[in-house]
Amino acid sequence: MHAPISHLNFDKIGRFFLYGANMTSEIAYKRVLLKLSGEALMGEDSFGINRQTISRMTQDVAEIAKMGVELAIVIGGGNIFRGVAPGAQGMDRATADYMGMMATVMNALALQDALKSHGVVARVQSAINIDQVVEPYIRPKALRYLEEQKVVIFAGGTGNPFFTTDTAAALRGAEIGAEIVLKATKVDGIYSADPNKDPKATRYSSISFDEAISKRLEVMDATAFALCRDQKLPINVFSINKSGALERVIRGEDEGTLVHV
């Protein structure tokens, strides 16, 4: 597993050769797993993919990719279909979850296409086989793509029903040796209470896994959270809608909420 770059003593010349000429200043994390919700792709729309929103998002992703960060993405499918959504009521849960997995493949292809327009090469790997459309998930190939500075987009969740894409993010993050899982949300971090209901709610700059559990703060679903805690894989929760937030997280600045061991 890679160590955070801030813990290593490279001089400026060493960092230049390690990360390439595109790196403009020190980054805190060399390899990261970014979790994007499908709903984030909707923008102001009520369904599907908003082209302006996905273009803005992928521009932010492209900028950090060009900084030399090895970036993998897990994308949800809630903008198209969710296995636990009201529309799935009455359906067999496993069937509904498989439909949600296929929705993530559609989103992954849209991300890949949008990244291409920003000059970034991306590869989609799916946990469910759709050979004519995307590659199957093969860990060694994913690692090679990352080392080649290609963005890897993981689709299909874990490939199994009853698991969320949060769990897929934690699992893939651990498998690829990511230094951190970045969870992009609609809010700019974890708060002591719902900021929309409590004006006195304060944002945590950082909090430990144990503190988050004791305070009953919702960070990820329980399975994903436990996996990150057990693997000592930190999580940063930040707003995908806040301009420059992703880059500030990558640089180790006080953005969002860092959940640590």
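Just so it is clear, glycine is given a Cβ too, placed from its N, Cα and C backbone atoms.
When the candidates Asp60, Asp97, Asp188 are compared with the UMP site entry in TrEMBL, which names Gly77, Thr158, Gly159, Asn160, Pro161, Phe162, Phe163, Thr164, Thr165, the shared residue is Asp97. Only Ser37, of the binding-site residues Lys35, Ser37, Thr185, Asp194, have a C-alpha within 10 angstroms of the C-alpha of Gly77 (UMP binding site).
Ser37 (ATP binding site) sits 17 Å from Phe162 (UMP binding site), taking the CA atoms of both as reference points. Listed in sequence order, Ile73, Val74, Gly76, Thr165, Asp166, Ala169, Val181, Leu182, Lys183, Ala184 are the same-chain residues at least 6 apart in sequence whose CB falls under 8 Å from the CB of Lys35 (ATP binding site). Across the structure, Gly78 (ATP binding site) and Thr164 (UMP binding site) place their CA atoms 11 angstrom apart.
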